[in-house]
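Quick notes on the structure that follows.
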Amino acid sequence: MTITTSEATSHTLGGPIRVMVVDDSAVVRGLETRMLEEDPAIQVVASVGNGQMAVQALDRHDIEVVILDIEMPVMDGLTALPELLRKSPNLKVIMASTLTLRNAEVTLKALQMGASECLAKPTTSREISGGTDFRHDLVEKVKALGGARRRALGRAAPTARAGGAVVERKVGALPSLMAQRAQQPISLRPAAEERPDIIAIGSSTGGPQALFTVFGDMRKGGWPSQPIVVTQHMPATFTTILAGHIERVAGVPTAEAKDGDPIRGGHIYIAPGDYHMVVETRGTEKILRLNQDPPESFCRPAVDPLFRSVAKAYGRRVLAVVLTGMGADGSKGGKIIAESGGTVIAQDEPSSVVWGMPGATAQIGACSAVLPLKDIAAYVLRSANKR
C-alpha cells in the first residue's frame, strides 16, 4: 500500500528563522544570541529580560520561535507562556531551565500548556559558553521548530543569510531530509498477525504531550496486559518527573527504569535521562539494562538502541510506535523491528510538532500505519488484544 505525504508549499515569508531570547541574565542572553546567530539560518530579532517584555515584543516583531527562561522577575516564564500563545497561537516556545526538580515540574507543566520543547540549560554562563551539547541542542531545536512552523503555515523554508542579504529558497528546493520526505510516497507493509508481547515507544520534540494523549486514550479504552517501554529524549531529572506525570495520566504503575528491572506486564518503564535503555533476556525472563554507551543521533537515551534490543528479545512479537520528534532516531531500529516481523507505526505529519523521527521511520519503509495522534491509542489496543 502506498500513501503520499502532503507536499510542503512556499512562500509569503522566507529568510532566517526569527527568534526571541528571554532570560533575566544579560550574559546568558548574549551567549545564546551569539550561538544562534552563528547559524546563518537563524536571526535573533529580540532579546529581553522578563516575560512581560517578551509579550510586549510580539507587538513589534514577527517572531517565530522563543527561548523562554522559567525564573525571571516581573513575569516568569510560566506566567508569560499563555500570554505569548494567546497573542501568537502558532508561536513555537522552547522552555529553557536548569536541571532541578522544581524546574522539571514547571517545564512539564509548560509543555502541557502549549510549549513545544524543553532545553536543559547549564547552571553557569561558563558552562553555557563551553558546552557543545547545549549549543547543538539550542540551534537544532530552533531550526526544527521554526521549519515545522513554516511548513504548517505554508511559508518559505528557513534560509541562510549571505553577506547580510537574505537568500531565499522555497521548501521544494531545500536540500534537507525533511523537505525531501514531504514529496516522497510512503510504502506501508502488512502488520504482524501475532499479538505483541511488548509495546515500545520512541518520542522527542512534542513527545510528552503526545505520550499524555496516547496513554490517556488507552486508559479510556482498557489498559493492555503488555509491558510498555518508552524512550523520550529528555535529560536526567526531567524523566523522573515525566514518569510521575505519565503514571497519573495512565493510571498504571510507571517508573524510570533501573538497571536489572524485570519487565512486568501492565507496567510502563521510562528510559532515564543520560542512559540508553535496552531489553535483555535472562533465562526465562526479560529484564531492562541501562548503559552509557555513546549517544546515538546526538541523544542519550536514544530510541534506536531500545528498538534494536526489543527486536532481538521478542522477534515478531513487538509493536513499536514512533511519535513526534526531530531527527531520525528510531528509524533504523524501527526498520530492524519490521524486518524481524514486528509491527511499527508512526504519528502523521499534521499532528506532529516536528515530523522528523516519525517521518524518517515512515520513509524508510518500516511502517504498517501512519496515523493522526488521536488514532494511535486505538491501533495499539487493537493490536494488543489480538487473539
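If you go along the chain as it appears here, the first residue is 1 and each next one adds 1.
Glycine is no exception: its Cβ is also placed from the backbone N, Cα and C atoms.
Features as listed in Swiss-Prot:
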DOMAIN    18-136  domain 'Response regulatory'
MOD_RES   ASP69  4-aspartylphosphate
DOMAIN    190-387  domain 'CheB-type methylesterase'
ACT_SITE  SER204  active site
ACT_SITE  HIS233  active site
ACT_SITE  ASP329  active site
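Features as recorded by Swiss-Prot, highlighted on the structure.
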| residue | record | Cβ within 10 Å |
| --- | --- | --- |
| ASP69 | 4-aspartylphosphate | 26 |
| SER204 | active site | 31 |
| HIS233 | active site | 28 |
| ASP329 | active site | 31 |
Model confidence over the domain 'Response regulatory' (18-136) (mean pLDDT, whole number): 93
ASP69 (4-aspartylphosphate) versus ASP329 (active site) - Cα distance in angstrom: 27
Counts by DSSP class (helix H/G/I, strand E/B, coil) across the domain 'Response regulatory' (18-136): 54 helix, 27 strand, 38 coil
Distance [Cα-Cα, Å, rounded] between SER204 (active site) and HIS233 (active site): 5
